[in-house]
Amino acid sequence: MPNASSWSASSPLLLLWEDSSGTRIFLSLLYAVLAISGTLSNVMVIYLVFSFKKLQTTSNAFIVNGCAADLSVCALWMPQEAVLGLLPPNSSSLRSAEYRLLRGGLLGLGLTVSLVSHLLVAFNRYVLITKLPSVYQALYQRRHTGCMIGLSWALALLPVPLLPGLWTLGSAQSDGSSRYTALLLALAVLGQTALLLHCYLGIVRRVRGSAKRVSVLNFHLLHQLPFPAAPPPPRRAQRRLSSVSVLLLCCVFLLGTQPLVWVSLLGFFLRPAPPALQAASWLLLCSLSALNPLLYTWRSEEFRRAARSVLPRGEGPAA
């Protein structure tokens, strides 16, 4: 009976060693669905940003960067996992060291750039909302934005040789390297998550405080007007809706990343988690690549308007 580290190395889908063919087929279909939906959504966001000038903003440049990284997971890595899950466990394709290195590199590159892009988007919005406009304009010039995007790919290329250690077959030395690689990955994701939450919670505090100060100012001005004023806009509802959107984004991101973090920490400091839990944590992390485009565009009226102008609606010319 193989241990947990040899389990993660031997299975291309991060399945159990003794999984039935039915389970492997189910997960292959799940990867196929994520691959198709994630590829279409990421390509759609990239196309809309490049096609509509109103969408060509600095924040959307970082979103497009994340979509390009997610395509390496959804369009290149997931289809291979879906196909390999249908092959017999003793297939020669599953035991090729070069092929495992390629798959591990694609997954590591895509996930790393995607996570860095999440942080770049959050920091961009944090500076835009909480700092002076002059600070934002000086920091996010076109050249600086390009350097940030290039740096995200350069940083992602550094740990790529380490990430395939999670798939290496199992001697004692490779088991130890896999544990340390998993620990490094967990600490990196945990640090990135802390910075992202700091940015978004700072945005929520600033928006709430600014809206409250504006509401108080309007209240005093209304009593000084010599004529009846129109009812104020529902700032409380708008503020609550914006806060819910930010918190929903954070919750989805935490649900996708934190299980893998704590499973990795548990396996390093105490004992390896059950293989099914490891598989579920990896699947949640990879599914973020298909959900990321929706997280950043579903609340944007500009994205919705651009999508409606591109997608067929089945209406006549009069409409």
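Think of each number as a place in line: the chain as shown, counted from 1.
Cβ from N, Cα, C; glycine included.
Keep in mind that TrEMBL annotations are predicted by a computer and have not been checked by a curator.
The transmembrane segment annotation in TrEMBL covers 25-50 (among others). Nonlocal intrachain contacts for the transmembrane segment (25-50), taken as residues 6+ away from its ends with a CB within less than 8 angstroms of a stretch CB, comprise 13, 15, 56, 60-61, 63-64, 67-68, 70-71, 73-75, 78-79, 81-83, 85-86, 283, 286-287, 289-294, 296-297, 303, 306-307, 310.
Annotation source TrEMBL lists domain 'G-protein coupled receptors family 1 profile' at 41-296.
Residues annotated as transmembrane segment in TrEMBL: 62-80 (among others). Within the chain, the transmembrane segment (62-80) has long-range Cβ neighbours (under 8 A, six or more residues past its boundaries) at 12, 31-32, 34-35, 38-39, 42-43, 45-46, 49-50, 103, 106-107, 109-114, 117-118, 120-121, 124, 145, 148-149, 152, 156, 286, 289-290, 292-293, 296-297.
TrEMBL lists 100-123 (among others) with the feature transmembrane segment.
Look at TrEMBL and you will find 144-162 (among others) tagged as transmembrane segment.
For the transmembrane segment (182-203), the residues of the chain that approach it from at least six positions outside its boundaries are 115-116, 118-119, 122-123, 125-126, 129-130, 159, 162-163, 166, 246, 249-250, 253-254, 257-258, 260-262, 264-265, 267-268, judged by C-beta separation under 8 angstroms. The transmembrane segment feature in TrEMBL is assigned to 182-203 (among others).
Look at TrEMBL and you will find 244-270 (among others) tagged as transmembrane segment.
Residues or ranges marked as transmembrane segment by TrEMBL: 276-298 (among others).
Within its own chain, the transmembrane segment (244-270) has Cβ neighbours under 8 Å at 4, 115, 118, 179-180, 182-183, 185-186, 189-190, 193, 196-197, 200, 203-204, 277-278, 280-282, 284-285, 287-288, 291, 295-296, 299, counting only residues six or more beyond its boundaries.
Outside the transmembrane segment (276-298), and at least 6 residues removed from its termini, the chain residues within Cβ reach (under 8 Å) are 4, 7-8, 13-16, 27, 30, 34-35, 37-38, 41-42, 44-45, 63, 66-67, 69-70, 73-74, 77-78, 107, 110-111, 114, 118, 121, 249, 252-253, 255-257, 259-260, 263, 267, 304.
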